[in-house]
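Pulled from Swiss-Prot, these are the features on record:
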type    : residues                       : note
REGION  : 1-26                           : region 'Hydrophobic'
DOMAIN  : 32-91                          : domain '4Fe-4S'
BINDING : Cys49, Cys52, Cys57, Cys74     : [4Fe-4S] cluster 1 binding site
DOMAIN  : 108-137                        : domain '4Fe-4S ferredoxin-type 1'
BINDING : Cys117, Cys120, Cys123, Cys157 : [4Fe-4S] cluster 2 binding site
BINDING : Cys127, Cys147, Cys150, Cys153 : [4Fe-4S] cluster 3 binding site
DOMAIN  : 138-167                        : domain '4Fe-4S ferredoxin-type 2'
Amino acid sequence: MTAIWIAIAALSALALAFGLVLGYASRRFEVENDPIVEEVEAMLPQSQCGQCGYPGCRPYAEAVSLNGESINKCGPGGEAMMLKLAEKLNVDPQPLEGDADIQAPARHVAWIDESNCIGCTKCIQACPVDAIIGSTKAVHTVVSDLCTGCDLCISPCPTDCIELRPIAPTPANWKWDLDTIPVRVIQVERHA
């Protein structure tokens, strides 16, 4: 019985020693990050879709903040994201990458033909935002509110049962152009 207590005490002392060494090492060798990179990364949609040409939002935030990369490459963020980045980084807004005439392309979401889905889960593994639900050997479904339309789930599908479909505009997702709506300003008298 005493051998068990000796083993427990020895392992506890060893764990404490390793904890102290790791704690010291984390403070001693800490790498300081640029706060602007953290702020830009927090502004990005975190879809990790790769449409910007970078493997995720963090590398794109580093490229925009430190290397002067174009701020118009975030597809899921769209024009609103580009304007926020321009304001944050004190640069001029740029037209969205792609066709200059198309300012806001129609939003697309993935759609699964459930009659052909075999439940292989390859699309679930490829989806960077977990917008596809389902389990092995069961039919999968896309949660359209979470889908960013990045099309990363289409190529791994062995039965080609996934396609991107445009979302019809509704009052909830319509891009309101508030600058073209006439506004009448009424002067109000103030009484003391």
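Every residue, even glycine, has its Cβ placed from backbone N, Cα and C.
Feature map: annotations from Swiss-Prot on the structure.
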residue : record                          : DSSP (3 states)
Cys52   : [4Fe-4S] cluster 1 binding site : coil
Cys57   : [4Fe-4S] cluster 1 binding site : helix
Cys74   : [4Fe-4S] cluster 1 binding site : coil
Cys117  : [4Fe-4S] cluster 2 binding site : coil
Cys123  : [4Fe-4S] cluster 2 binding site : helix
Cys147  : [4Fe-4S] cluster 3 binding site : coil
Cys153  : [4Fe-4S] cluster 3 binding site : coil
On the DSSP side of things, how many residues of the domain '4Fe-4S' (32-91) fall into helix, strand and coil, could you say? 31 helix, 0 strand, 29 coil
For the domain '4Fe-4S ferredoxin-type 1' (108-137), could you work out the same-chain residues 6 or more beyond its ends whose Cβ comes under 8 Å from its Cβ atoms? 46-49, 143-144, 146-167
May I ask which residues of the same chain, at least 6 positions away in sequence, place their Cβ under 8 angstroms from the Cβ of Cys157 ([4Fe-4S] cluster 2 binding site)? Cys120, Lys122, Cys123
What binding-site residues among Cys52, Cys57, Cys74, Cys117 are found with a C-alpha within 10 angstroms of that of Cys127 ([4Fe-4S] cluster 3 binding site)? none
Could you tell me the mean pLDDT over the domain '4Fe-4S ferredoxin-type 1' (108-137), as a whole number? 92
List, by number or range, the same-chain residues at least 6 past the domain '4Fe-4S ferredoxin-type 2' (138-167) whose CB is under 8 A from its CB atoms? 45, 47, 49-51, 75-76, 106-132, 173
